[in-house]
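**Q** Sharing a structure here in structure tokens format.
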Amino acid sequence: MVLSTRLASSLRPALAALCPAVPLQRRGLSASPAPERTIDLRGIFPPLATPFSATQEVDYAQLEGNLCRYASIPFRGLVVMGSTGEFPYLSPRERLEVVGCVRRALPRDRLLLAGSGCESTQATIELTGSMAEAGADAVLVVTPCYYRGAMTSAALVQHYTKVADASPIPVVLYSVPANTGLDLPLEAVLTLAQHPNIIGIKDSGGDVTRIGLMAHKTKQGGFQVLSGSAGFLLASYALGASGGICTLANVLGSQLCQLDRLCREGCWQEARDLQHRLIEPNVAVTRQFGIPGLKKAMEWFGYYGGPCRAPLAPLSPSQVEELRSTFSTNGWL
């Protein structure tokens, strides 16, 4: 299934009004040839939830509807096939179809990041190339983790270097220890930051000291650190992060873009007040209730959430009540 020409035409004017990409200076610290361009990751990216029908097929019509609603929010771009998108539960064909579908809805100056991380280096390289062909501007590559005991810094540096060498588009590292049980080591990040085709990292671990160190030690090379959660977005910005890929942006996208703006303008008191109101809802749709909680909350804010793909189960009535209370007590419902 594909997006209609009518939808693509209607989305482009709204999305084109968002801030344009700004080229960054390349970092000539690798023998590998640098790509012709890099991309500026400053701003907020929602990692899109994948909508499913009652029969657990990808629901492209509902995806179109969500994209229409997101068009008026000043996101820097969209992330497709991340953890929030239930990436491990989709077939390779479905992953590419979703990426192509979203790409057709976006003007070329809107960024589209696509998850291409697989367990093997070879599979990651192949999927990365396919994501580029489907229209992704950059790939988000999660750490391989099945044989996590063997995933030393040296092994991970070799993996990412081979992927970046082969990739026709820039690579963003992705460390999400809550899902993988593996934190991409700081020394590996600093080494990989020197590669001209590795432009940043999404760090979802929640260690703001680590985020600050990465931003500090790579600031001369243009490497970009992205907060992986709305819960510590302000702290990440204060320590030098460039932007955020935040699950909560699927629900409170305008508010997260407001927080981004307040931080950039130095309005720290207002930013802190807003950040405080986002912490509990963020915990609820990530650690506490996960993707089923996120999809339930999306429905309350006018988006299509729908079911998750099995074995993820829906929330119980008591969990739904607790989730609603969390949003209500923080003033969002």
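Just so it is clear, glycine is given a Cβ too, placed from its N, Cα and C backbone atoms.
Not measured: the values here are computed from a predicted model.
Pulled these features from TrEMBL for this protein:
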- TYR174: active site, proton donor/acceptor (ACT_SITE)
- LYS202: active site, schiff-base intermediate with substrate (ACT_SITE)
- THR84, ILE245: pyruvate binding site (BINDING)
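Situate these features within the shown structure.
**A** There are 28 other CB atoms within 10 A of the CB of TYR174 (active site, proton donor/acceptor), with all protein chains counted.
For LYS202 (active site, schiff-base intermediate with substrate), the Cβ neighbour count at a 10 Å cut-off comes to 29, with all displayed protein chains included.
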**Q** THR84 (pyruvate binding site) to TYR174 (active site, proton donor/acceptor): how many Å between their Cα atoms?
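**A** For THR84 (pyruvate binding site) versus TYR174 (active site, proton donor/acceptor), the Cα atoms are 13 Å apart.
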**Q** Hey, how far is TYR174 (active site, proton donor/acceptor) from ILE245 (pyruvate binding site), Cα to Cα, in Å?
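**A** Approximately 11 Å lies between the Cα of TYR174 (active site, proton donor/acceptor) and that of ILE245 (pyruvate binding site).
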